[in-house]
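Shown next, in structure tokens, is the structure this report addresses.
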Amino acid sequence: MSTKEKIAIIGSGNWGSAIARIIGFNAARHDSIETDVHMWVFEEQIDGKNLSEIINETHENVKYLKGVKLPTNVIAEPDLAKAVTGATLLVFVMPHQFLPRTVPNMKNMYAPNARGISLIKGIEFEHSKPMLISELISKTMNGMDISVLMGANVANEVALDQFCESTVGTYVPANGEVWKKVFDWETFRVSVVNDVPGVELCGALKNVVAIGAGFCDGLEFGGNTKAAIIRIGLEEMMRFVEHFYEKVNPGTFFESCGVADLITTCFGGRNRKCAEIFAKSKGAKPWDEIEKEQLDGQKLQGTITAKDVMTCLKAADVVGKFPLFAKIYMISFEGEPVEDIVKFADVIAKH
Ligand SMILES: NC(=O)c1ccc[n+]([C@@H]2O[C@H](COP(=O)([O-])OP(=O)(O)OC[C@H]3O[C@@H](n4cnc5c(N)ncnc54)[C@H](O)[C@@H]3O)[C@@H](O)[C@H]2O)c1
């Protein structure tokens, strides 16, 4: 039996495909990892042909990462149980709303010593408290150790080999080193920290701040205002992590997953773009319509996360301590005027 690590990627969207390219390169160059990497593809028809077949024939995900070639050792597999068979390293990378219907189909086909890593940005809640996606995966996978990878990593730029950094958060330092081997590449520099909640919540919460930044752009506010939204957003991200989790490492916020990801998401990325369109329509255009028109099957995370964050804040009775998060929610879902993005006094007074 092989003692080499065997990687399976669960998801093949924009980020899934971009990171599959780097994983494929690393699997091919490290002796301790099997060269072939299986990537589970949620099957779709493109011009009458299966997406998985197109990927295996052309080495391109023509729907989610057009124009970028994947290494030939990345093999698309539409059957999830087959994709994970014998895998020791499971990379979870799909919009989090699809996790519950996907994970149970893995039927324990992966290796008994398997470890996982989540690249998923989002938040769930249980008993009105936040629950990390990594915790949720671990729970469904019989307590499997799940690390996280987050950073200033817009998929299309990573796919073009534009230099960036990323952060692995782990509970088990030895697993952190394994994941570093899987992801670290000359144009994709990975650092490891022992802080899963800090890294993961940075990744989820910055999408909410990006909605606020998009509102500023739609309202044609200048750089000063957007910078203020980003600063207040960072402060509320830290406060959220400190409120709901103990032992948070403030240094995490200076890693790529913190301030760097926040900046890139507030200037590029799908959340900012959709929020700009929402603001230009004065809040009249429904989010699902914007998502459909702009994202071609990709998912908008920031609005879902804004809702989940608000649920947690209300349950903990701390809305007043998070006026920016609250405003973003109220504008997005309660019909508040978009211009009110910079008026916090009412939230603080009311709560
Ligand atoms: N795109 C980025 O730049 C980027 C960067 C870092 C992290 N992320 C995060 O990575 C995660 C995955 O994002 P992405 O960009 O790879 O995805 P995406 O939004 O590009 O693609 C959607 C994916 O969902 C799949 N899908 C559609 N319907 C499905 C169903 N019913 N069941 C299962 N799968 C279904 C599609 O096949 C596709 O692979 C998200 O949490 C995202 O926030 C994205």
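Glycine is treated like the rest: Cβ placed from N, Cα and C.
TrEMBL annotations:
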type: DOMAIN; residues: 6-170; note: domain 'Glycerol-3-phosphate dehydrogenase NAD-dependent N-terminal'
type: BINDING; residues: Gly11, Ser12, Gly13, Asn14, Trp15, Gly16, Phe42, Phe98, Ala155, Arg270, Lys299, Gln301; note: NAD(+) binding site
type: BINDING; residues: Lys121, Arg270, Asn271; note: substrate binding site
type: DOMAIN; residues: 195-343; note: domain 'Glycerol-3-phosphate dehydrogenase NAD-dependent C-terminal'
type: ACT_SITE; residues: Lys206; note: active site, proton acceptor
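Neighbour counts of Cβ atoms within 10 Å were compared across the binding-site residues Gly11, Gly13; the minimum falls on Gly13. Between Gly13 (NAD(+) binding site) and Arg270 (substrate binding site), the C-alpha separation comes to 14 Å. Checked against ligand 1, the binding-site residues Trp15, Phe42, Ala155, Asn271, Lys299 give Trp15, Phe42, Ala155, Lys299 in sequence order as having a Cβ less than 6 Å away from one of its atoms.
Under a cutoff of 8 A between CB atoms, and with a sequence separation of 6+ in the same chain, the neighbours of Lys206 (active site, proton acceptor) are Gly233, Met237, Asp261, Leu262, Thr265, Cys266.
If you compare every pair of Cα atoms in Gly11, Ser12, Gly13, Asn14, Trp15, Gly16, Phe42, Phe98, Ala155, Arg270, Lys299, Gln301, the residues listed for NAD(+), the longest distance is 21 angstrom. According to DSSP, the domain 'Glycerol-3-phosphate dehydrogenase NAD-dependent C-terminal' (195-343) comprises 115 helix, 0 strand, 34 coil. Least packed by the Cβ count within 10 Å, out of the binding-site residues Lys121, Arg270, Lys299, is Lys299.
Other Cβ atoms within 10 Å of the Cβ of Phe42 (NAD(+) binding site) number 16 in total over all chains. A 10 Å cutoff on Cβ-Cβ distances gives Ala155 (NAD(+) binding site) a total of 22 other Cβ atoms nearby, all chains included.
Phe42 (NAD(+) binding site) sits 19 Å from Lys121 (substrate binding site), counting Cα to Cα. For the binding-site residues Gly11, Trp15, Ala155, a Cα to Cα distance of within 10 angstroms from Arg270 (substrate binding site) holds for none. Same-chain residues at least 6 positions away in sequence with a Cβ under 8 Å from that of Asn271 (substrate binding site) are, in sequence order, Asn207, Ala210, Ile211, Gly214, Thr265, Leu300, Gln301, Gly302, Thr303. Site extent for substrate: among the recorded binding residues Lys121, Arg270, Asn271, the largest C-alpha separation is 13 Å.
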